[in-house]
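Working notes, structure below.
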Amino acid sequence: MGCDRNCGLIAGAVIGAVLAVFGGILMPVGDMLIEKTIKKQVVLEDGTIAFQNWVKTGTEIYRQFWIFDVQNPQEVVVNSSRIKVKQRGPYTYRVRYLAKENITHDSENHTVSFVQPNGAIFEPSLSVGTENDTLTVLNLAVAAAPHLYPNAFVQVLLNSLIKKSKSSMFQKRTVRELLWGYKDPFLSLVPYPIVTTLGVFYPYNDTVDGVYTVFSGKDNVNQVAIIDTYKGKRNLSYWPSYCDMINGTDAASFPPFVEKTRVLRFFSSDVCRSIYAVFGAEINLKGIPVYRFILPSMAFASPLQNPDNHCFCTEKIISKNCTSYGVLDIGKCKGGRPVYISLPHFLHASPDIGEPIEGLSPNEDEHSTYLDVEPITGFTLRFAKRLQINILVKPAKKIDALKGLKRNYIVPILWLNETGTIGDEKAEKFRKQVTGKINLLGLVEIILLSVGVVMFVAFMISYCACRTKKVK
């Protein structure tokens, strides 16, 4: 009887040990299976989850615009006063709803080329007014004229056309005109062929962004969705330096197994540059653990603070010898027009940038950019891209509309908030296909290991106790 009991205790201990060992073995094996599955599904090729979502996003993406309505245009023109602005918005459009086109796979280089069609659909229910709302905004053509034509004689000729068209430093435009284009009366009088239609995002509808070439990740999953710099320059041959290169992905996804220490780089054609985000916090998004990466203030820092931004400092006067920060000159890819980008309301900008403007209230929560990335797959499940478009206006003695100015202005035109969040149905599907399976496997591993250890310890204690009694 004693022998049978001892044998039973020993057998129980052995079973516990086997369970513990099996649980321990299952952990790395399970991790390897997960890693293999993820690496297969994030590759950009037919049949993968990543490719399906990459070709056409299943997430509804909206772009909201807040436009700065100038309250004292005449005071500015006559007295060079501070520009008083009042933001109006949001005016919301649905964007990125069209699938990528001209998709071409290069099996030799493991790349995929494509173009992204552009389109914007106005969403009245998500807007404060209509596209026909009228606002007082900067006259884009008049403001850009002295930058594009610095010659004094040419400016005299342009001034006569500006006066003849009854144009001034400011103009009244509808939301639709300002965003998507209007025929400018001043430019229409220019006696030689030029583009006479202007708009902050003109042309946009029925155009395409690209051609881009990205790595498929077939041969190296750490390169998946990253833009091939040499094929993806979009004819920007004047960009010679690192800060002008097209780096990273399009921000829809990143190479898998994202760590908190990684810097996520992505390209935005709206602002003609690559920017980056760093880890900020862990977030739970609809039951899915994600890492929130934020756009740091250093992304818009001066070249003295961030040498990577040296190519965006193009002159010494406006930038105070490249010491001002918070705005970046992107005029090179805007046809020489004096276009500057910043965070909304000049968030994180040096005080001299916002001083000539009255009515701005920078706020970290409302005006910062972030990406919520699922770390295992590298998929972006929620994002908010927030940027401001500004125009530099300088005094011009030969142009009546600008000769009364006594200082330079970086005038905010509008700021945008482009957002997208994984839908409830897709979130549930993602939890089942990815998060749920990983959690289940992890739970099984822990249970086997825990039960095995407990059984082994319990049976060994009982065995020792039984042996002690027998000795007595």
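Note that Cβ sites are derived from N, Cα and C of the backbone, with glycine treated the same way.
Summarising the annotation, TrEMBL assigns ubiquitin cross-link to Lys469 (among others).
The ubiquitin cross-link annotation in TrEMBL covers Lys472 (among others).
Within 10 Å of the Cβ of Cys311 (disulfide bond) there are 19 other Cβ atoms, across all protein chains. Per TrEMBL, the feature disulfide bond maps to Cys243-Cys311 (among others).
If you look up TrEMBL, you'll see Cys272-Cys333 (among others) marked as disulfide bond. Of all the Cβ atoms in the protein chains shown, 18 others lie within 10 Å of the Cβ of Cys333 (disulfide bond).
Look at TrEMBL and you will find Cys313-Cys322 (among others) tagged as disulfide bond. Sequence-distant neighbours of Cys313 (disulfide bond) (same chain, 6+ residues apart, CB-CB distance under 8 A): Ser302, Pro303, Ser319, Cys322, Asp329.
According to TrEMBL, the feature site 'Critical for TLR4-TLR6 dimerization and signaling' maps to Tyr463.
Annotation comment: TrEMBL describes 7-29 (among others) as transmembrane segment.
Taken from TrEMBL, the feature transmembrane segment applies to 440-466 (among others).
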Within a 10 Å radius around the Cβ, which one of these disulfide-bonded residues has the most neighbouring Cβ atoms: Cys272, Cys322?
Cys272
In whole Å, how far is Cys311 (disulfide bond) from Cys333 (disulfide bond) when you measure between their Cα atoms?
13
Take the C-alpha atoms of Cys311 (disulfide bond) and Cys272 (disulfide bond) and report the distance between them in angstrom, rounded.
13
